[in-house]
Amino acid sequence: MASKPAPTRASSRSKIAAPAKAAPAPARTTRTRAASKQPEDPPAAPAPKKPTTSRKPLEKRDNIDVPAAAKPKVKPPSARALKQAVLQSDREAEPIMAYLRIRPRLGEEPSSSPYLIPISDTAVKMADPQDTQNARPQYRASVAQPSSIYTFSHIFPPNTTQQDFFTKTTLPLVKDVLYGQSALLFTYGVTNSGKTYTVQGGTEKGTAGILPRTLDVVFNSIEGLHGDGKYRPVRLYGVEPSDSSDSTPPQLSTEPDLAEVFQSLDQGAEPEFDIDPTAIPVDRNHEYTVWISYAEVYNEKVYDLLADAKGESDIHIDGPAPRAGNKSLLLSRKALTLRPSPATDNPDAEINGKYISGLRQFRIHSAAQAKALVKLGNLHRRVFGTLANRESSRSHGMVIIKIIRGHRGDRNDPTALQVSRLTLVDLAGSERTKHTHTTGDRLKEAGNINKSLMVLGQCMEVLRSNQRKLAMSLAHEGAGKSGRMDTRDVKRTLAVVPFRHSKLTESLMDYFVGDSRAVMIVNINPYDTGYDENSHVMKFASLAREITVTPAAAPVQKAPPIPAPSFLPGKLKGHKFKEPSPATLKGPEVAPNPGYRRKVTISMGGGERGRVVSQTTLEVLEEDETREDQNSDDEDDEPENPLVDALFDEIENLRYQLFEAEMRAAIIEAETREEVMLEMEERMRLMEQKHSRRLMSEMERNEMKTDAKIDMLHQGGLFASPMKTRPTYAESYESEDEEEDVEMSLVECASEESDSDDEMNISGTMPPRSPSPLARKEKMLSEKQLGKKPAAPSTPKMIIQKRTFIPDPSPLPSDGEDAELTEVEEEGEDEEEEEEDEDEEDEPMEEDDDDDEYNEEESEEEDDWVPPPPPSAKKTPRKSEPKPPTSTAKGSSAVKQRKISKAGAGAADRSESVSASTPMPQKKLRKSAKSALSDSEDEEEEEEVKPVAPKKKRQLAKKAIVTVDNVEQVTWEAEKLNTVGGKTIRRLGN
Ligand SMILES: Nc1ncnc2c1ncn2[C@@H]1O[C@H](COP(=O)(O)OP(=O)(O)OP(=O)(O)O)[C@@H](O)[C@H]1O
C-alpha cells in the first residue's frame, strides 16, 4: 500500500463512478474472494487497474478545445444510444432504480381529480389540472409542461400495501447488505406526499414502513448467526475493536424537566404485532453483527440523533426571562464533521466517500432494540425542533444500518471482515420557499433544504454528463487526434461533481461514486395542488434514472488484533487510521464557536391522556463543528497544490452561483408569468364588462329607435288602420276661416248627437261611432275640395290624433361607440335643419325623393294634400259608420298583450299630449314619414351587413304597430263611450 500514490483532492474529484474495467487488477483479490463466497452473487468482475493520480498542470489538461479540424467528425449519438453505451461500458453498472409511489386520498382532502394517471406499471401521465379546468390555457401560470409522460422502474398505485412496497423495493437491498454490499434508499417528494409514512410507517396494523421491516428481516435472517461483537465498524469500511460503550443505549437527559418533555412526546411502545416475518437465506458460514446510527442534516449541519441530549433548566443566555407557567430549557448539540474516508479502508476505490465523524453507532441484538433506538432518534428530532412542527419534516433523516460479516470458520482470519451499509434517507419536503410563505428561521430552513436538494440534482446532472462523455469515449476509442482516443484523457476532462456543496450530498457521495446500489422512491400526492412542484419531482426522478452506479461487494478488511484488556485505554483507535486530535493540529488558536440559538415550543399533555396542556419553550443551541475538525478535513485531503485547489474551489463556487442564479431566474419567471396572467385576466374581465354594457345599450337604443320610427310612421299615416285613414289634425287648421267652420260644426254636432241618441233609444242598439266635431269639419272640407256636398249630419266624424315626436333617446355611454353616437346626434340635428330648410324650400327637397311612392301626390297636393287612403281604405270606401278598428294582427299572443300594456301607456300619454302640444305642420309630418322611410331603407342597407337584427326589428315594429292599433281601438271605444256619456249628462241636465 505504501507504494500506491496518495490520492489528491483534485484527482479524486475528476474521477467518476463507472470506470472502465480495462484489465484485471491483483489488488482486488481479497474483495473478489469475499464475493465469490456468495452463491447468489454474480462472479466479481476483474477490478480495474488503479489509474495513476499524478496531477498535470491545468494548462496542459486536455479540456482545452481542440481545433474543429483536428476533432474527429463523429455524429452525436442519441440519448438512448448513450444510455446503452453507458451501461455497456461497464458490465457492473446499473441505473439508479426509481420507484413511484402514489399516495391515496385522505379523508379530509378535497376530492379534486388527480392529475397523475398511471398508464402502465412503469409509465405515468401527468396532466396539468389548469389545462382541463381552465378555459383559457394560454394564461397558465405554470412553467411546467402541461402534460408529460414519465417512466419509472415501477409504479405503485395508491392501494399498495406497505408489505408489497417493501418486498418490491427494499427487500433486494436488505439482501445485498446481508451479502456484503452497500446500498442507499432515499425518498423524494413534496411535503405531505408520504415520505415519512413510507420510511417509518403508520400506527395501524400492517402499516409499518420500510425501516422497521428492514430491521425485522435482518434479524429474522441472521437468527442464530450473531457475531460476538469484538469489532465495530468505523468510518465507511473500517473496523476496530469495540468496547462496552457500543452496546450502551443513549441516555435520556437526567434533567427532570427535560425528561418530562421527552416523556410527553413519547407516543408509547411501537405496535408489537407489526413484525415482518420475512427471512432471507444467508450464508451460514458467516456471523453477523448489526449496528445502527441515526443522523439528521438540518440547516446544512449534520447532527447525531442518538447522542445524549444535554439539557439545562431555566438557563437564559442573552434571552428573555421565562414567562410564568412556562418552563424554559436549554438544549445543546454539536454539529458533526464530514471527513473523507481514508484510502486505506478501501484501497480499490477510485474515489473515497465521506463519513460522519463522531456519529455514534450502537450494536443491536434484536429488531425491537433497533426500533427503540430509531424511536429515540425520532424523539430527538422532534425535541430539537425539526419535527416539532407536525406539518413537515424540515431535516433530512438518515438511518444507517451497518452489518459486519465475518467468517465463522476462521474467526481470526485477518481478511475475513466485511462492512456493508444500508442507508435509508427520509428527505425533507422538496417544495419551494416561495410557495410555503416562510419567513425568518423557517425561510433559512427552507433555503437550506432547497440548497441541499438542488445540489443533489446538480450532482446527478454532472454524474450523468460525465458518464455519457466516458461512454462516448469508450465507444469511439482509437479515434483521437493521432488515431487514438485515450479514455484516461477523457476522464481528465470530466466535470467536478459538486458533492461538497451540501452536507447531504457530501455524506451520501460514497453511494454514487462507490460500489453501491441506489434506489430512489418518489412519493407523490396527486390531490395536492402543487402541480409544478410534483412536476419538478418527476423530472428529478427521470434524471436519477439516467445515472448508473456500480454495485459491488464491500471491501474485506483486515481485522486489527485485539489488544489485551490491560492495554485498553477506554476507547480504542483503529490500528491504521488515526482520528486526528486537536493536539496534533497545527495552526492558529481558534476562537470558541458561539453556535446558533433558536427556540422550539413544545406542547405537552392534553389529548387522550386528559392532562392539562402546557407549553415548554426549548432553547436549542446548535454549535458548529469546530474549526479543528474542518482543518483536519483538509489535512485528510492532502492538498498538493494550493493554487489548483483554489481554482477548483473557485470553479465550484462559480458553478454554485450559476445554479443559484438559475434558480432565481426560474422563480422570477414563474412570478412574472403569474403577474401577467392576473393582468390579462383583469383585462379580459373589463373587456367582458364593457362589451356586455355596450350590448345592453345597443339593445335599448334599437328598441327606442324602433318605437320612434313607429311613431313617425303613424304620424305620416303610412300604416293601414282606421286611424291612419283619417287626415291629420294639422290639415284642419290651415286657415283661420276653417277654424270658424270648425266651431260651427261643433254646434251642429251637438244637435246631431241628440238625434243619434234618440235613434239609439229607439233601436236599442249601439249607435255608430260619432266622429268628433273637428273630424266632421275636416270631412266637410275635404268634400268641399272634391266638389261634393258635405255629408249628411249623421255621418260619423273622425277623431284626429296627433302623436308627439319622440326622438331617439341618447344611448348609454359606451367605449368605442362615440363615433356612432355622434353620428346619431348629427342625424337628429340634420333632421331639424332640414325641416327648417324645408319650410323655406319644400319642393326641391321633395322632388329629390324619386323612389318615394308618394312623390307624385306630394308634388300635386302642396296645399290641398289629402292623405292617400291605405289599401284597406281604398278597397272598402269609407262608410258612414266606420267599423271599429279590428285587430288585424296575426295571432294575439301574450307578447302582444305585454306590448299593449307597455306601448298602450305610451300611446295614452301621446293621446293626452295632442291637445296640449302644438300641432305639427303637415309638411313636417310628411318629412318625418319620409325620414322614417329613408331610415327603413338604411336599415335595409344594414340588413346586407347584419341580416338578422333588422329582420327582428321589423318583426318588433309589426308587433308594435298592431299593439298601437289595439290601443287606438281602445281609445276610440273610450271616446265613444265618453261622447254617449256626455250626451246623457246633457239630456239629464235639460
Ligand atoms: N400510502 C399511504 N397510505 C395511507 N396514508 C398515507 C400514505 N402515505 C401517506 N399517508 C398519510 O399522509 C400524511 C402525510 O404523510 P407523511 O407525513 O409521510 O408525508 P411526508 O412526505 O413525509 O411529509 P413531510 O415532508 O412534511 O415530512 C400522513 O398522515 C400519512 O399517514
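Along the chain as shown, residues are numbered 1 onward.
In case you wondered, yes, glycine gets a Cβ from its N, Cα and C as well.
Residues annotated as region 'Disordered' in TrEMBL: 1-87 (among others).
What TrEMBL lists as domain 'Kinesin motor' is 95-547.
Just so you know, the Cβ of LYS195 (ATP binding site) picks up 28 other Cβ atoms within 10 Å once every protein chain is counted. Sequence annotations record features per position, and here TrEMBL assigns ATP binding site to GLY189, VAL190, THR191, ASN192, SER193, GLY194, LYS195, THR196.
Marked as region 'Disordered' by TrEMBL: 576-641 (among others).
Among the features that TrEMBL reports, compositional bias 'Acidic residues' is placed at 620-640 (among others).
The region 'Disordered' annotation in TrEMBL covers 748-958 (among others).
Annotated compositional bias 'Acidic residues' per TrEMBL: 750-760 (among others), in sequence order.
The feature compositional bias 'Basic and acidic residues' is assigned by TrEMBL to 775-786.
Residues or ranges marked as compositional bias 'Acidic residues' in TrEMBL: 815-865 (among others).
Under the heading compositional bias 'Polar residues', TrEMBL lists 886-895.
Residues annotated as compositional bias 'Acidic residues' in TrEMBL: 935-944 (among others).
Taking a Cβ cut-off of under 6 Å from any atom of ligand 1, the binding-site residues VAL190, ASN192, LYS195 reduce to ASN192, LYS195.
Other C-beta atoms found within 10 angstroms of the C-beta of SER193 (ATP binding site) number 27, with every protein chain shown included. Using the Cβ center of GLY189, VAL190, THR191, ASN192, SER193, GLY194, LYS195, THR196 for ATP, the list of other same-chain residues with Cβ within 8 Å runs, in sequence order, ARG103, THR187, TYR197, GLY429, ASN523, ASN525. Within 10 Å of the C-beta atom of GLY189 (ATP binding site) sit 28 other C-beta atoms, taking all shown protein chains into account. Within 10 Å of the C-beta atom of ASN192 (ATP binding site) sit 20 other C-beta atoms, taking all shown protein chains into account.
ASN192 (ATP binding site) falls outside any helix or strand according to DSSP and counts as coil.
The Cβ of GLY194 (ATP binding site) has 21 neighbouring Cβ atoms from other residues within 10 Å, across all protein chains displayed. Within the model, the domain 'Kinesin motor' (95-547) shows a mean pLDDT value of 80, rounded to a whole number.
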